[in-house]
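First the structure, then my questions, so here it is.
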Amino acid sequence: MVQLNQKFINSIAQEMPPHLSMDDFVHYCGLPLRLSIRVNTLKITSDALRAILEPRGWQFEPVPWCEDGFWVTVPDDCQPGNLTEHYQGLFYIQEASSMMPPCALFMDKEPRQLLLDVASAPGSKTTQLAALMHNQGLIIANEYSASRTKALHANLQRMGVANVAITQFDGRVFGAHLYETLDAIQLDAPCSGEGTVRKDPLSLKNWCPDEIEAIAELQRDLIDSAFQALKPGGVLVYSTCTLNRRENEDVCHFLKERYGDAVVFESLNDLFKGADKALTEEGFLHIWPQIYDSEGFFVARIRKTASVARNTDDPRFVSKFPFVAANRKELSALEEAMLALGVSLPEDAVIVTRDGEFWLMPAPLDGLLTKMRFQRIGIRLAETQKHGIKVRHEAVMALPCNQMLSIEPEAAKQYLMGRDIALDNAGKAQGEKILSLHGAPLGIAKHLGNKLKNSLPRDLCRDNVQN
């Protein structure tokens, strides 16, 4: 059993609601965290994925707050992260509690055109937001750590996300750069991680109450900046994976005290059946591990009802956008190359070029380029080569394809391992084809008649693929 820091136990005993048991808390903290996944509805339905995996011995239990989330039990020899279905982006291995903030943000079903995810990496919530937005609009996915942006981009590509612009800033800058610009904001704040002990038994080993105030100060700065960046009428969801009030309720009350009636706490009681078990008097969800057999978590939904005074100067920023709009000739050549593979471009596609590359930009990007610097925007569709235009892997992973060549699971495994696929009935060479499994794309291969020559980018090839 996990050994909890006694100072933490003494502190949290004063925080826990009287109807909950400390013995239950300690017991659940010592249990392994249940494995959970979220189905990527940009590529497949939940019913379709269950029909694929249940015959292999998978058992699914719905996560009550996420329509496409499931706790799963898998066979002992199965490694879900190595499955072909995982590599092709049909599901994301995501802790159940972390599915809650995006669901809270979209619980009213209001359309969101311009959204900020303040702390995006590795991408679980960002990709969930993209699915809820049906790959429409724009998500600004911010990650301060340069080393973590690589994982973020890899997951966006794997899951077929096309509506994201990546930034790399301290999250406290957005109020200044994007004052009252955004329709919605997801702020999963850095925290002391008190709720993560089931995933990391050593997370509380060095727990120290003196550090919490420093963390809470950062959280107050982050939520203040986020609220400044939010449009009047917009919604902010604040969340943490910790348990103490200073990093949770108190941070939300700080915002209320600062901006008064412009801040409205919206109750999450109707987010799912049973939410009342974790509901605070303000309408927040303060989730203790024993309530839903999950991580500890906190979620608040906050509406901005009126404009507020700007508390920072408008920063001067000179944008150097390295792209130019594709001309008619370039667009015609691109469309011909995409059509040959059966890839469809959106009707409102904004296509730009740079150094012979074609990029698809999210439509709502206009007006933002003069406000801040972006590390990466949209998806790379294709590039001009000596013998014509070559469509890129990330384009076929993110855009509708209607001419895919279906292959068997074993062939898909070989493809993801970077190997060519021999064809039993040699015929006429057919050129580049998009390979698919379960009706979802795997990537591009060149049909040479007697084999499919692998075109999967080398950095995406894996040695440990399972079926």
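Yeah, the Cβs are placed from backbone N, Cα and C, and that goes for glycine too.
Fair warning: this is a prediction, and the values are worked out from it, not measured in the lab.
These came from Swiss-Prot, pasted as-is:
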type	residues	note
BINDING	Ala119, Ser120, Ala121, Pro122, Gly123, Ser124, Lys125, Glu143, Asp170, Asp188	S-adenosyl-L-methionine binding site
ACT_SITE	Cys241	active site, nucleophile
Between Ala119 (S-adenosyl-L-methionine binding site) and Cys241 (active site, nucleophile), what C-alpha distance do you get in Å?
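Cα to Cα, Ala119 (S-adenosyl-L-methionine binding site) and Cys241 (active site, nucleophile) are separated by 13 Å.
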In whole Å, could you give the widest CA to CA gap in the S-adenosyl-L-methionine site formed by Ala119, Ser120, Ala121, Pro122, Gly123, Ser124, Lys125, Glu143, Asp170, Asp188?
20
Please list, in sequence order, the residues in the chain of Asp170 (S-adenosyl-L-methionine binding site) that are at least six apart in sequence and whose C-beta is under 8 Å away from its C-beta.
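Spatial neighbours, sequence-distant, of Asp170 (S-adenosyl-L-methionine binding site): Tyr144.
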Determine the most Cβ-crowded residue among the recorded positions Ala119, Ala121, Gly123, Cys241, using a 10 Å radius around each Cβ and all protein chains in the structure.
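In terms of Cβ crowding, the pick is Gly123.
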Far apart in sequence but close in space: which same-chain residues, 6 or more away, have a Cβ under 8 Å from Lys125 (S-adenosyl-L-methionine binding site)?
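Listed in sequence order, they are Ser98, Pro101, Pro102, Asp117, Gln186, Asp188.
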Can you give me the Cα-Cα distance between Ala121 (S-adenosyl-L-methionine binding site) and Cys241 (active site, nucleophile) in Å, rounded to a whole number?
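That separation, Cα to Cα, works out to 15 Å.
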Where the residue listed as 'active site, nucleophile' and Gly123 (S-adenosyl-L-methionine binding site) are concerned, what is their Cα separation in Å, rounded?
16
